[in-house]
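Here the structure comes first, spelled out in structure tokens, and everything after it is commentary.
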Amino acid sequence: MRDPEATTEASVGIVPELRRSWRAMVAIVLGMGVGVLPVYSIGAFISPIAAEMNWSETQVVGWALAHAAGAVISAPFIGVLSDRFGPRQVAMGGLSLLALVLFATSFLPPILPLLYLSGFSIGVASVGTSAITYGRIIAGLFNRGMATAFGLMSCGIGLSAGFGPRLMQAVMDDQGWRTAFLLAGIAPLLVLPAAWFWLKVRASGGVSGRVLDQVGHTLKTAVRLPVFWVLAAGTVLYGLCAGGMAVNLIPYLTSEGISRTEAATALGLLGVSTMAGRFLTGVAIDHFQLNAGLFMVGAVIIQTGAFALLGLTSTQYMLIAIPIFGLTMGAEADCVAYITAKLFGRRAFSSIFGIVGHAMLYLGTGAGPVLFSIARDITGGYSSALYIWAGIAFSAVPLFLIVSRAIATGRTFAAAPQHPDLRPATAG
């Protein structure tokens, strides 16, 4: 069946689309980076806050759980707001709220519930400046280069993960953790002008501008489709695998006699390969016109092999398996947003992605580390837990085969209700 989006400006290729929308992409990359800065940097804040407040580090780590709760609970609602009032407005609101909460956290008194309130509020704000809003903008700006644009969007996460913790640590070493929070609060304010001026998505006046933004499923019709829940289940499994392994990687490596410095280097390698996987996946899907569902099937099978290699507890195999795991983790993350747009259209992208691509992902990444630790304790070691994780990864294969068939047939998109403004006029 012909791609429902093939009726757009088909003559516009990937490079012209990127050239036309590069300012918006810069704002999106910056916004994505700022949105994840707190969660990637919190590790550097744990010890200083615990020492000053006389709290245990475990109590401070509870901030991350509060952050995840805020993100999961707010994602569906922020998705609806993005579709109703526009992603640009919601993104700017998220940036403003994020700056306000970070500034307030710099004045945190020794009251533990306020720390958790900070984490919850930052989780809510970060959803406003995430793929839920920026993905909707990309889906409206790109057709031939949409997967590539989603990959570029993820580069903001890589920049934040690579430089954010080091910058925050340097500020803390010199000025303390409160000043570091103040500096983190300035970052969203610096991105606000770019969001204001460069995220003004104007309709082209043709089919892509007038029609495609109004074509597709509403959230109400999407949740009635079996493929919606199949994709959601696949995203949860991806989150379980990614979160469970990424969080436990350093403890696993150190248990095998690798120094913490070398383990941290391995974690950096995982981050670099994840970002490479995100970008290269987008380029590959666009350039070769690949079915993203089948791409996910391949990534999951390769990830299964990576977990099995890690379970062999050989340093040589680990050096091979870690970047492979990172590449597949990045590929899966990039594909989910693209698949959402392909299956359900742009009409309610934020609302739908807020559930299948954000809330479900946080559900998986939140439960993954705990379940992995439980599996390790029950089986008596990391190797057995990794083999279990290989099985969990492989269980996603039939789910994404179903998704790939839905993409190939186009029936899910074709079944979408037609927007009233787009129905043919009747003779009166």
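Positions of Cβ are set from backbone N, Cα and C atoms, glycine also.
The domain 'Major facilitator superfamily (MFS) profile' annotation in TrEMBL covers 24-408. Residues annotated as transmembrane segment in TrEMBL: 24-48, 60-78, 90-108, 146-168, 180-199, 227-251, 263-280, 292-312, 318-340, 352-374, 386-403.
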Request  = With the transmembrane segment (146-168) as the reference, find which of 24-48, 60-78, 90-108, 227-251, 386-403 contributes the most Cβ pairs under 8 Å.
outcome  = 24-48
Note = Averaged over the domain 'Major facilitator superfamily (MFS) profile' (24-408), the pLDDT of the predicted model comes to 90
Query = Between 24-48, 180-199, 263-280, 352-374, who has the most Cβ pairs under 8 Å to the transmembrane segment (60-78)?
reply = 352-374
